[in-house]
Amino acid sequence: MKNLFLIIGAPGSGKTTDAGCIAQMNQSVAHYSTGDLLRAEVAKDSELGKKIDKIISGGNLVPLEIVINTITSAIHACEKDFIIIDGYPRSVEQMTELDKVLANEYDINLSAVIEVNVSEEVAKERVLGRARGADDNEEVFYNRMKVFVEPIEEIRKFYNEKGIFHSINGERTIEEIVTDINAIIVKKIVQG
C-alpha cells in the first residue's frame, strides 16, 4: 500500500523546499513536485512538453488529464511506500478527479493533505526574490495567486470533511515548518 501525502500552498509558500527536506530526512519517503514533473516533460522538448511550457509560462493550469496521468505514473513507478506530492491539487476539478482516480486505486491511500499557509505579501516577496524562471514576475505571480486563492476554501473544506486536512504556519523558520510536516507524516508511517 502506497501512502500519499499532498502538500499545498500559495506560490512561494515553500511547499517544494519543505517536501524535499522531509524526503531527505526519511529514507522511506519519496518526493515529487507537480511543477518539477511537468518541467521535466518540458525539458524533453516533446510536443506535450511544448504544450505544457506555453501553459506554464502564462501562469495557467495544465490540463487535468495531463497532470493526473503524470502523478499516477510517478506514484506507480515509485519504489517507496510513502510519497509526498507538492503543488496538487490546485483546483476543485483536480481535487475531484484525483478523488475519483484514488477511489479505483486500491494500492494508494491518501493519508494527509497539508497546507503550508502564508500571506499574499510573504508569497509575493519570496516568489519575486527567487527569480527561478520566466514565470517569476509580478504579473504572473498575481495570476498564479488568483489561481491558488479561488478554489482554496473548497479544497480545505473537502479534505477537512475527510479528516485528513492539516494547516501549518508557513511564515516561520524552515526547521519549524519541516518539523511540523514531518510529525504528521511520521505519525502515519508509525501507524502503518
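Each Cβ is built from the backbone N, Cα and C atoms, and glycine gets one as well.
DSSP classifies ARG172 (ATP binding site) as coil under the three-state reduction. Taking Cβ-Cβ distances under 8 Å and a sequence separation of 6 or more, ARG172 (ATP binding site) has no neighbours in its chain. As annotated by Swiss-Prot, ATP binding site applies to GLY12, SER13, GLY14, LYS15, THR16, THR17, ARG130, ARG172, with the evidence given as sequence analysis.
Annotation source Swiss-Prot lists region 'NMP' at 33-62. Per DSSP, the region 'NMP' (33-62) is made up of 21 helix, 1 strand, 8 coil.
The feature AMP binding site is assigned by Swiss-Prot to THR34, ARG39, ASN60, LEU61, VAL62, GLY87, TYR88, PRO89, ARG90, GLN94, ARG132, ARG144, with sequence analysis given as support. Taking Cβ-Cβ distances under 8 Å and a sequence gap of 6 or more within the same chain, the neighbours of THR34 (AMP binding site) are VAL67, THR70, ILE71, ILE85, ASP86, GLY87, TYR88, ARG90.
Residues annotated as region 'LID' in Swiss-Prot: 129-135.
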Inside 10 Å of the Cβ of GLY14 (ATP binding site), count up the other Cβ atoms and send me the figure. 23
For the binding-site residues listed here (THR17, ASN60), tell me which residue's CB has the most neighbouring CB atoms inside 10 Å. THR17
Once near-sequence residues are set aside, which residues in the chain of THR16 (ATP binding site), 6 or more away, have Cβ atoms under 8 Å from its Cβ? SER33, GLY35, ASP36, ASP86, GLY87
